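The structure appears right after this line, and notes come after that.
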């Protein structure tokens, strides 16, 4: 048995598991934006991942499976399987004394460590959907592999080739997602421990600076990509000035988001506790009692063993771990109750920690094999086989949460939104999850390309307004005076009225009983943000020729001057020239919600729903509940109760995190109304 075969074997096992559990379509957040970027050679918001975009584009050039999102998710699994193989190899190398080759004990220890990593919750999560985070873990493993290769040569040589490789990887990581740059100080410590005299010679400096410069220069590829004017082009880094703005993340605060002080939350009680939660969620297998702590305990013992095997290398490895763990906690400065997990940024620390598990297992096996008595080798291998229960326990505890093979909510909800819009609509959205999946479906799968989806917060950026003007002839004069880049500053306005004419031949969508007015009056006041100005100009340019809709995810605090004219029509609110609640045809609303919307998978209790799925799918329930309220207001008790029956059958409240009796007050009102009507009839 060779180290390469063991590494390949763990990688193959990991990939098989990832392939079976991979999402068959897009997911929320980066799971839709990066497939979109890969398929269109687009540019995601900074820091982005130029590397994963280009690799994903290459992976889509040869169709293997359908849809393309599934193929990209399989590619993500392949990337993470490579991580598992590399970490298996690293574990074997670190666990093997330098004076002899790796044997069966070290190979078994490496397999245990590799599979523990393979079935950890965070890595598995990013192995089944196409995002940059699996590639981040791969670059961590590559950097560590190159660092160990340099160390093995440092006794007799400066090994400038390996120095070049190490820092080339650091530079290229800037085009992955940057997290591994936290390891840079640790790499300098590692090199100083391995060969401190190296820094006194120009050759190593040249290798380090050349590798880092070439890697960082890869970001320049963004300029020609942006100049293609792809449909997905956040921040539009088409020249050196805008590229620097993109790289420095000016849109979300600038300064490379370095804000170490003041702390956004209690350092120990919130931020370190969050990292401890990450370790527990990834290294806490389904084993009895205190045995669940075995992976963490093995990692700590592995570091002690590594110090005994090679003290300087053990200290260097500790530096890598502290940079990836404590460094991430310090840099990302997590606020309390942050809306997303930070696990994706803690992944490098897991890649550094897990090889120490292999060191501990190999040390334990060598100890058992060295004890007195017969059958020592068999006893050692038996112990190794028993320790394989640790990754088996990881698989058991994380299998349900990481299996996305039946979860399609991002696709089905987004299809329902698009397909229920009126023809040639302009849809204003609010964030990532109500925008990127729609853009993906339009650009990659050809769903409702007649609809223009405009991300409302992005209309505060001049570069985004420029893209809208270039791509849609009906928007060619949208805030035409706002050219260039940068953020539109808020404009204070006193209470003012804007008269919007209503032409007789407009696309209104009013109920048949309603007559369109000659004009409507919009009341503006307070601060007028760039998005307010953009939408106001859009309405004036559009002149009711195309339906304008607000996604149900747009808050009432956004565009407060427009909401009185917004009326529910399916899963979005259509702007109508009336504030009358009866302006929208309720029969059309009922027909859309009861016959066109699919509500796919929500009622199936065997399909897991997380907070993201519940949050977006709750819009289904909100729309049906509003329909039921409209029917109740019309004294149509029978239809109100029928709508509530439909709602609770297709959208069980418990599945959405609601109390089971959430709609009982409305149902009671409908029953009372029906009883009163029956009493009058008798």
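Each residue, glycine too, has its Cβ placed from N, Cα and C.
Record features (TrEMBL):
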- 6-22: transmembrane segment (TRANSMEM)
- 34-60: transmembrane segment (TRANSMEM)
- 72-96: transmembrane segment (TRANSMEM)
- 108-127: transmembrane segment (TRANSMEM)
- 133-151: transmembrane segment (TRANSMEM)
- 163-193: transmembrane segment (TRANSMEM)
- 205-223: transmembrane segment (TRANSMEM)
- 293-310: transmembrane segment (TRANSMEM)
- 317-334: transmembrane segment (TRANSMEM)
- 346-367: transmembrane segment (TRANSMEM)
- 379-397: transmembrane segment (TRANSMEM)
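Counting C-beta pairs under 8 angstroms (sequence separation of 6 or more), the transmembrane segment (72-96) reaches the transmembrane segment (133-151) with 3 or more such pairs. Among the stretches 133-151, 163-193, 379-397, the one making the largest number of Cβ pairs under 8 Å with the transmembrane segment (293-310) is 379-397. At the 8 Å Cβ threshold, with sequence separation of at least 6, the transmembrane segment (133-151) lacks contact with the transmembrane segment (205-223), having fewer than 3 such pairs. Using a cut-off of 8 Å between Cβ atoms, the transmembrane segment (317-334) and the transmembrane segment (379-397) share fewer than three residue pairs, counting only pairs 6 or more apart in sequence. Listed by sequence, the residues of this chain that lie at least six past the ends of the transmembrane segment (6-22) yet keep a Cβ under 8 A from its Cβ atoms are 70, 73-74, 76-78, 80-82, 84-86, 88-89, 92, 107, 110-111, 114-115, 118-119, 124, 127-129, 395, 399, 402-405. Counting same-chain residues at least six beyond the ends of the transmembrane segment (379-397), those with a Cβ under 8 angstroms from any Cβ of the stretch are 17, 104-105, 108-109, 111-112, 115-116, 118-121, 283-287, 292, 294-295, 298, 361, 364-366, 368-369.
Under 8 Å from some Cβ of the transmembrane segment (163-193) lie the Cβ atoms of residues 47-52, 132-133, 135-136, 139-140, 142-143, 146-147, 149-151, 154, 199, 204, 207-219, 221, 247, 312-313, 315-316, 319-320, 322-324, 327-328, 331, 344-345, 347-348, all in the same chain and six or more residues away from its ends.
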